[in-house]
Structure formats: structure tokens, C-alpha cells
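Structure, as C-alpha cells:
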Amino acid sequence: MDSAIKGAKQVGNITQKLGPFVGLLALIVVVSIFNSSFLEPLNLLNLLRQVAINALIAYGMTFVILTGGIDLSVGSVLALSSALMAGMMVSGLDPILAIIIGCLLGAVMGAVNGLLITKGKMAPFIATLATMTMFRGLTLVYTDGNPITGLGDSYAFQLFGRGYFLGIPVPAITMFLAFAVLWVILHKTPFGRKTYAIGGNEKAALISGINVSRVKVMVYSLAGLLSALAGAILVSRLDSAQPTAGEAYELDAIAAVVLGGTSLSGGRGLIIGTLIGALIIGTLNNGLNLLGVSSFFQMVVKGVVIIIAVLIDRKKAA
Amino acid sequence: MQISMENIHKAFGTNQVLEGVDMEIKHGEVHALMGENGAGKSTLMKILTGLHQKDEGTVTIDGEEKTFANPKEAEQFGIAFIHQELNVWPDLTVLENLFINKEPVTKFGLIQTKKMKAIASEQFEKLAVSIPLHKEAGQCSVGEQQMIEIAKALMTDAKVIIMDEPSAALTDREIEKLFDVIRSLKASGVSIVYISHRMEEIFTICDRITVMRDGQTVDTTPIPETSFDDVVRKMVGRELTDRFPERTPDPGEAVLEVKGLGRKGVFQDVNFNARAGEIVGVAGLMGAGRTEIMRTLFGLDGKYDGEIFVNGQKVDVKNPSQAVKLGLGFITEDRKGEGLVLDFPIKDNIALPSLRSFTKNSLIQEKEEQEFVEMLIKRLTVKTESSSTEAKNLSGGNQQKVVIAKWIGIGPKVLILDEPTRGVDVGAKREIYQLMNELTDRGVAIIMVSSELPEVLGMSDRVLVVHEGTIAGELHRDEADQEKIMTLATGGQVNG
């Protein structure tokens with residue numbers, strides 16, 4: 001009897017983990033039935049490159065949401081840090097160094113969020129709503145509302161967003177490498193465990209001697225850093241920094257996290273789910289384009305898919 | 001009203017919780033329902049009030065078979081249930097809480113606040129409760145919230161009232177008031193089902209007692225025909241030696257010393273120490289500041305006045321993280337809210353404060369972690385299938401053991417226990433006491449805050465009595481008794 005319960009529980013756990021994956025497979029099957037060119041290697045590689053930016057941002061968002069928070073400012077952090085990177089490149093700094101400094105600046109912007117939330121005791125939604133506006137404003141001030149171009153012709157820099165390595169787009173490689181590193185951080189380090197603990201029960205985490213404020217600041221910094229990294233890919237791909245870059249990216253990132261089965265109330269979720277969630281959104285975008293669905297209608301479909309995914313998840317939980 | 005439940009069966013999934021329970025509630029009696037945690041008391045009462053549906057058996061009320069589809073039906077029929085978990089809406093006022101979903105309205109559908117106030121004031125007067133009606137319920141103490149729940153149940157004009165651990169959060173004075181109310185209810189023909197772990201109360205207020213064990217009724221006896229020992233024997237199904245294991249304290253040097261500790265408006269000039277291998281009991285009325293002193297000591301409330309010394313060294317405890325590094329552990333009174341991450345497996349809960357000790361090169365060494373946790377689970381005899389069971393699926397006593405395990409894991413110098421056996425059944429209580437003895441034998445200093453005087457007297461080597469935010473007196477084990485503690489706790493003087 002006991003083993004039956006245990007068995008049932010395990011099956012439940014597996015379906016919970018596999019749910020998003022099954023969803024992705026089903027979507028791929030449906031799309032490729034309607035348009036077989038979806039499965040062509042070139043298209044799939046293209047899809048991975050398109051997904052990379054959202055996936056990187058969504059990884060950071062996963063950590064934030066696991067602590068029970070939210071980060072609305074990721075798109076603006078992407079814009080501001082990529083503008084700063086481009087500015088440094090224009091002024092002659094080595095592009096790779098500019099990207100590294102830009103990523104660190106992204107982490108600082110994330111730290112500002114973290115400090116507002118912990119030291120300022122602001123709700124994450126409010127704090128990041130404010131910084132979303134503020135960082136966007138700073139981007140516009142810095143760029144004067146114009147794109148920054150003339151970034152030089154460093155090969156390494158061009159490779160970052162446009163290149164291939166062993167036939168695989170470099171952004172996709174970045175996406176998978178980042179996944180591997182973040183997976184280890186989330187599942188194998190005390191920092192990852194603390195991230196879950198804070199989202200599961202912040203008071204208990206505090207009383208257990210976890211420096212909750214420090215962990216939160218680190219989590220938001222990580223989200224900022226990953227947004228800036230996504231920004232670097234975008235700058236390389238467009239060979240310019242756009243002042244309006246990253247608008248509404250927070251929504252796609254949150255959608256990827258939620259599609260991946262992470263609970264918005266914190267404490268429960270997996271980063272592999274987020275990667276799959278980002279792939280689902282990418283497949284939808286790519287597939288609907290191939291099927292010639294208008295971009296207006298695409299938004300409707302995306303919204304419906306999110307609702308269906310969450311409804312299925314609820315049902316399983318009950 | 002006369003209720004008779006016969007041969008009640010109930011299973012949740014494959015877990016058989018009730019296996020043929022019989023219970024009869026007579027008109028105008030106070031009927032105690034006792035049993036260890038998990039014996040099925042609450043489930044039985046939830047079936048009676050329509051919160052759960054029985055699988056088998058019959059419920060007869062005044063000679064007629066009756067099944068309620070939901071609690072509202074039961075309430076309308078005259079059966080009210082005061083739950084163990086308090087269900088207040090923290091942002092609503094006391095008044096709004098009292099009338100939730102039962103607001104009297106005018107014919108235009110507007111709420112009649114005046115009428116509500118009149119009814120509520122009258123009810124509070126009967127209970128001799130003086131909580132302002134416009135106060136937000138979230139600002140009320142746990143004891144006050146409990147009184148709100150009781151008042152709410154009384155307002156339904158119930159014929160049968162089920163009270164699940166009503167006194168757990170009440171001060172002695174409030175309990176006295178509650179008993180007065182119970183007596184007058186009884187006199188007017190209301191029946192009370194009184195669920196409690198506190199033997200003294202049951203023998204004070206109840207007429208009959210039904211004992212349950214493992215989902216079955218052991219028997220029902222009139223109170224005068226039974227005894228503490230008899231009831232305990234029936235509950236656990238075996239002889240329990242003493243309620244408190246014997247202590248042979250051998251205190252060493254002071255590990256923790258507090259001088260002039262204070263927080264504005266909360267407590268002031270608190271001086272005491274705790275020596276290695278000693279249990280220091282902290283008694284006092286609810287709201288006297290006991291818990292607040294401990295929270296400050298553990299760095300939970302930030303800045304404080306006065307000085308704290310650990311092993312003779314002056315320390316500055318700014319946050320719990322520092323407290324843990326200094327070797328302090330804190331088992332708070334709110335096990336679910338502050339002690340455990342309920343969604344976490346037992347393993348992760350136990351490992352949480354000690355992650356550092358099995359982390360190498362920034363990575364958690366999972367094998368070491370697993371061994372560490374298994375060792376503690378075994379040592380504390382936590383009853384569980386595996387260490388990956390989620391904490392929320394454990395009984396109260398086992399949850400408490402997990403919280404204790406988590407702190408034993410850090411190898412503490414000082415362990416602060418706030419109401420360590422609240423909501424824990426008799427068997428597990430004794431195990432926890434034994435554990436405290438083991439810890440002090442190894443030189444841990446224990447500070448135990450407790451509202452249960454027998455526990456304070458049974459386990460402490462020294463008793464500090466807190467009254468209005470200051471330590472009103474200190475009693476040694478051989479001089480301490482209930483009377484002296486209560487005298488000090490209520491502001492009196494003890495000549496000693």
C-alpha cells in the first residue's frame with residue numbers, strides 16, 4: 001500500500017517535471033505537420049538563436065521568481081547596459097572588455113533592485129516597476145533617443161551575436177553554457193538552496209541563519225547580469241544599440257518561467273523548465289510565422305497557450 | 001441536542017484515519033475528546049460538522065439520522081466548530097471578523113454597523129473580553145484572536161460547540177474566563193466537545209471523557225471515575241512512566257549572559273545567564289515580553305539596548321545569521337510559520353542552517369549531507385518513510401523533531417526553545433524532554449520559554465519569571481512551585 005502511494009507520487013513528480021517537455025514536443029509535432037520546413041536544420045538552428053535572448057533573461061527571472069519576487073526591469077536593464085556597451089565600443093574600448101563591463105553594470109542595476117527590495121523594504125513589483133521606468137529613461141537620456149552605431153569590426157564581437165561555432169549559432173551555445181552553469185548554481189550550491197528556502201518560507205529561512213537580504217540582492221544582480229548578457233547578443237546581432245531595445249521582454253521572460261512550471265509564489269520550480277518554456281515560446285513564434293499567421297493574431301495564440309498551460313498545471317496540482 | 005456517532009469510518013486515499021469510532025454527546029455536557037496527534041479527533045469532528053464526509057457509519061441527532069453537506073449546514077442546525085487553526089482576516093477589524101458572511105443588512109442591502117456593534121459588545125461583555133471592536137484583527141495577540149473565534153461561535157446560538165485546543169494560546173486568566181463561559185453555556189443546555197492536550201483543564205471543566213487511539217474509540221468514562229494516569233495509559237496504549245524524565249543537571253560556566261537588555265516599549269533591563277548543561281525555564285503571562293526577549297537575543301528585531309555575552313565575549317547580534325554563527329539556535333513557537341519550509345523535504349529543512357559544514361568548493365556535498373541528515377533523523381526518531389518526505393506531510397510532533405534536528409545539526413552552544421511542546425502529543429512530548437536532557441548532558445545551555453507550568457516546573461533547573469517586560473524574579477528548582485511563579489508573573493512578591 002505504501003509503495004503504491006510512493007509510486008503514484010513518483011509518477012506525479014515525473015509528470016510535473018515532464019509536463020513542459022511533453023508540451024514542447026506536442027507543439028513541435030503540430031507545427032511540423034502543418035509545415036514540414038519547420039524541422040529543417042537551418043530553421044531549427046535559427047530558432048535556437050532567436051530563443052537565446054529570452055532564455056537568458058528568463059533564467060535570471062527564474063531565480064527571482066523562486067525567491068517569491070518578480071523583476072519587471074529586465075528589459076530596461078538590457079537596453080541601458082547595451083547602450084553603455086555600445087558607447088564604450090564607439091569610444092574605442094575593446095568590444096569584449098566593453099561587454100564584460102556592460103554585464104557588470106547590468107549586475108549593479110540588478111543590485112539596485114535588490115537593495116530597494118531588501119533595505120528599502122519595497123514590494124518587488126513596485127521597486128522594479130520604478131527602476132524599469134528609470135533605466136529606460138536613462139537609456140533615452142544617454143542615447144538621446146537615437147541608435148548607437150559604428151561599433152567597429154572586431155571579429156570576436158560579431159561572432160557573439162551572429163557567428164557560428166561548429167555549425168551552431170554562438171548565442172545558442174551561450175544559452176546552453178549559461179544553462180549548465182546556472183543549473184549547477186541552483187541545484188548544487190548553498191546559494192541555490194537558499195534561493196528556494198527564501199521562496200518557500202522567508203521567515204524560516206531568516207531564522208535558520210540565512211542572510212536573506214544578501215541572497216536576494218545577489219539574485220537580482222544575477223538577473224541584471226543575465227539581462228545585460230542578452231543585451232550584448234542583441235547589440236552584436238543588430239550591430240547597434242537601440243534605445244527601445246528590450247521593451248516588453250519581461251513579459252516573455254515571465255511567460256517562459258511560468259510555462260516551465262515554476263510557481264509565481266516562489267519556492268518551487270526548475271530552471272530546465274524555464275529553458276523549455278523559452279523554447280515553447282520560440283517554437284510558437286517561429287511556427288506561427290512559418291504558417292503565415294499575422295503577428296497580431298500570434299499574440300492571441302501566445303496568450304491562449306499560456307492560459308492552457310497554467311490550467312493544466314493547476315489541475316495536476318489539485 | 002443529543003448526538004450519537006456510531007461505527008464511523010474514514011479514509012483519505014489509502015490512509016485509513018477512522019476505523020469504527022463511536023461517540024455520544026449528551027445534552028448539556030462538557031465532553032472531553034483526547035488522543036495523541038493523528039488519533040483522528042479532528043477528523044471525527046470535521047465529519048460531524050460536514051467538513052469531511054464519512055465513508056461508513058451513522059450520525060444520529062435527536063433520534064434522526066443526519067449528514068451535513070458542509071459546515072454552514074451544520075452551523076445552521078446548531079453545531080459550531082472553533083478550529084485549532086485561527087481563521088481571522090488580519091486586515092479586517094474585530095467587528096468585521098465577528099460578522100463575516102453573517103452581516104445584518106437593511107432592506108437596501110447595506111450593513112447595519114450599529115446593530116453589529118451592539119451584538120458584539122454584548123457578547124464580549126459576557127466573555128469579559130475587552131478588545132476594541134475597531135482594532136484590526138491582525139494587530140490582536142494570538143490569545144485575543146482565539147477569543148474572537150470563541151465569541152463568533154457563541155453568536156451563532158449553537159446547541160453544540162466543538163472547541164479544538166481552545167486554550168493553546170490563552171493566558172491562565174483568559175482560560176478562567178473561558179471556563180466561566182463554558183459553565184454558563186452548560187447551565188443553559190449547550191453541549192461542548194472539548195479537545196485538548198492539557199490534562200489539568202480536562203479534569204477541571206469536563207464531565208465525561210472519550211479517548212481515541214489509532215482511529216478507534218478506546219472508551220468513554222465519567223471524569224470522576226478516571227485519573228491522569230489512566231487517561232494517558234489509554235491514549236498511548238502502554239504505561240508511561242513519569243511525564244517528565246528525571247534530570248541530573250551539572251551546570252558549567254555561563255555560556256550566555258545578558259546585561260541590561262532592553263527594547264523601547266517592549267522590555268527593559270533584562271539580566272540573566274544560562275550555563276552549559278542547564279535548562280533555564282522562562283515563565284510569564286502571554287504578552288509579558290518573553291518571546292520578544294528571545295527574538296532580540298537571536299537578532300530578529302534589530303537594534304537593542306544592553307549587552308550580550310557568549311562564552312564571556314561581548315557580542316553584537318545584529319541578525320539571525322550572526323546568532324547562528326555564534327552557536328545560538330532558536331525553535332520558535334510558530335513551527336509552521338517560522339520553523340519549517342513546509343514544501344521542502346525533511347532533508348533540506350534539517351540541512352538548512354548547516355549548509356556551510358558540508359560545502360566544498362562552493363558545492364554541496366550531497367553524500368555527506370544525506371548521511372548527516374539520516375544520522376539526525378535516526379537520533380531524533382523522526383517517524384518517516386524517507387528523508388525526502390515533505391515536511392508538511394508530517395504530524396505535529398514529528399515536525400517539531402525536524403525543527404529540533406535542524407538545530408542540533410549546527411552543534412549549538414545555546415538552544416532557545418519557545419513553547420517546545422505546543423500541539424505535540426504526550427508520547428512525543430516525553431521524547432522531546434528526553435532530548436533536552438541529552439543535549440544538556442552534552443553541555444548545551446537550554447532556555448525554555450513555556451506557558452505550561454507543569455512543563456516549566458518539570459524540566460527547568462532555574463525559572464525566570466517575566467512580568468511586564470522585565471524579569472520579576474528567579475526561582476531555583478527546589479523552591480519553584482506554581483503558586484510562586486504565578487505570584488511573580490502577576491506582579492506580586494515572593495520572599496525567598
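Note: Cβ is positioned from N, Cα and C throughout, glycine not excepted.
As written in TrEMBL, here are the features:
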type     : residues  : note
TRANSMEM : A:20-39   : transmembrane segment
TRANSMEM : A:51-84   : transmembrane segment
TRANSMEM : A:96-116  : transmembrane segment
TRANSMEM : A:123-143 : transmembrane segment
TRANSMEM : A:163-186 : transmembrane segment
TRANSMEM : A:217-235 : transmembrane segment
TRANSMEM : A:255-281 : transmembrane segment
TRANSMEM : A:288-312 : transmembrane segment
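By the Cβ criterion (under 8 Å, sequence separation of 6 or more), the transmembrane segment (A:96-116) is in contact with the transmembrane segment (A:217-235), since 3+ such pairs are found. Below 8 A, the CB atoms of the transmembrane segment (A:217-235) and the transmembrane segment (A:255-281) form no more than two pairs separated by six or more positions in the chain, fewer than 3 in all. Of the two recorded stretches, the transmembrane segment (A:51-84) lies close to the transmembrane segment (A:123-143), with three or more CB pairs under 8 Å once pairs fewer than 6 apart in sequence are set aside.
Long-range contacts of the transmembrane segment (A:163-186) within its own chain (CB-CB distance under 8 A, at least 6 residues past either end) are made by residues 45-46, 48-49, 51-53, 55-56, 59, 62-63, 66, 192, 195, 226, 229, 233, 237, 271-272, 275. Sequence-distant contacts of the transmembrane segment (A:288-312), counting only residues of its own chain at least 6 positions beyond either end whose CB sits under 8 Å from a CB of the stretch, comprise 19-20, 23, 31, 34-35, 37-38, 43, 255, 258-259, 280-281.
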